[in-house]
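Copied over from TrEMBL:
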type	residues	note
TRANSMEM	30-50	transmembrane segment
TRANSMEM	62-84	transmembrane segment
TRANSMEM	104-124	transmembrane segment
TRANSMEM	136-153	transmembrane segment
TRANSMEM	159-178	transmembrane segment
TRANSMEM	190-210	transmembrane segment
TRANSMEM	230-250	transmembrane segment
TRANSMEM	271-296	transmembrane segment
TRANSMEM	302-320	transmembrane segment
TRANSMEM	327-345	transmembrane segment
Amino acid sequence: MDIEKLEILGTTQNGNSNTHTEKPKKTKNWLLVIINCAIVFVGAIGSPLLMRLYYLHGGSRIWLSSFIASAGFPILIFPLMFLFFRSKSSADNYFSSFWLEPKLFLWGAILGVMYGLVTFMYALGLSYIPVSTSSLLMATQLCFIAFFTWLIVKQKFTAFIINAVVVMTLGSVLLGINTDGDRPVGVSKAQYLLGFVLTLSAAALAGLIMPLIELAFSKAIRNLTYSSLLQFQFVLSVFSATVCVIGMLANKDFQAIPREANDFELGKANYYIIMVATAITWQLSGVGTMGVIFYASALFNGILSSVLIPLTGVAAVMCYHENFTSLKGMALTLCLWGLCSYFYGEYKMMNNVMNKESTKRLDKVEDEYEEP
């Protein structure tokens with residue numbers, strides 16, 4: 001069963017109409033949530049490791065690294081072509097609704113420009129700090145997502161969510177206390193601090209973008225399909241890449257690419273292979289993120305990203321033998337504590353909702369039984 005059929009089935013099972021005139025609703029199809037989580041897993045761990053590999057072996061073009069984070073959008077053409085031709089054999093109303101509506105196109109363009117700035121700040125920050133430090137700093141994205149989801153999409157807060165936000169923020173602050181313990185060779189103290197600030201700023205802006213994507217989906221007129229999500233990601237990536245291309249032209253990166261490839265320590269062929277692999281993994285992460293936000297929520301996407309932080313840090317230590325300081329360990333512990341707090345709060349909330357629903361059903365049955 002393919003993604004579109006799973007999507008329609010999930011919508012039908014939850015009592016949502018399959019027409020395109022109603023306000024879109026989340027399908028609550030957990031199979032699709034799991035699939036998109038798996039896609040995020042591959043992209044979120046692979047992309048920073050590959051980008052760091054580029055920097056470790058002679059790469060130094062910041063705008064090029066930013067461009068690579070969005071440049072993988074052409075791979076989306078193949079699934080979109082498949083879904084397009086499949087829609088031609090479906091009902092006419094489904095075919096007419098295949099294309100992304102103008103309102104979402106505009107949202108994708110605006111958020112794409114913002115995402116281009118995020119990738120630049122993240123790429124520049126990663127050139128000065130290790131992957132494990134960068135990953136833990138990006139964990140603060142959850143704090144910003146939580147705040148902006150409360151402000152923009154009216155996400156409800158609980159004491160457990162607040163506790164998670166506080167302890168994960170403390171964890172990121174710990175990373176800035178010691179600027180010498182894990183500073184890469186050749187990076188000055190000022191550059192390390194700049195990388196710290198830029199990565200934290202990227203996390204904040206990314207934390208704003210996630211709930212804005214959820215808001216954009218909620219403003220759609222037609223029910224969204226998986227092809228809509230792919231088109232939205234395509235538009236966002238095109239505009240993000242355009243911002244980076246402008247930066248590359250101003251910085252003369254295009255003229256420097258052949259020279260950098262020839263001087264790359266792992267060889268010219270490996271240089272381009274790393275570029276292509278990085279672009280693909282970044283795009284996978286973006287596609288999975290769109291799916292998680294639509295089928296779950298922006299806050300859940302932030303939680304998922306934070307769950308992958310320890311795995312990314314461990315992978316960086318294993319692959320690049322980065323120094324894992326005691327303060328970094330404390331920060332990681334606080335992040336895990338925050339995650340546990342969040343999941344426990346969600347567990348209690350779900351139990352309360354289920355208990356209330358059970359009580360209502362029981363009361364209704366008793367009322368019907370007592371009627372003469």
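The backbone N, Cα and C atoms fix where each Cβ goes, and this holds for glycine too.
Keep in mind that TrEMBL annotations are predicted by a computer and have not been checked by a curator.
Long-range Cβ contacts of the transmembrane segment (62-84) within its own chain (Cβ-Cβ under 8 Å, at least 6 residues beyond either end) map to 4, 47, 51, 54-55, 98, 112, 115-116, 119-120, 122-124, 126-127, 226-227, 230-231, 233-234, 237-238, 240-241, 244-245, 247-248, 251, 253, 257, 275, 278-284, 286-287. Proximity of distant same-chain residues to the transmembrane segment (302-320), defined by a Cβ-Cβ separation under 8 Å and at least 6 residues beyond the stretch ends, is recorded for 37, 40-41, 44-45, 48-49, 52, 56, 130-132, 135-136, 138-139, 141-142, 145-146, 168, 207, 210, 292, 328, 332, 335-336, 338-339, 342-343. Remote same-chain residues near the transmembrane segment (271-296) are listed as 26-29, 32-33, 35-44, 46-47, 50-51, 53-54, 59, 68-73, 75-76, 210, 213-214, 217, 224, 226, 229-230, 232-233, 236-237, 260-261, 264, 304 (criterion: CB distance under 8 Å, separation of at least six residues from the stretch ends).
Only pairs six or more apart in sequence are counted, and the transmembrane segment (104-124) with the transmembrane segment (327-345) gives fewer than three Cβ pairs under 8 Å, not enough to call it a contact.
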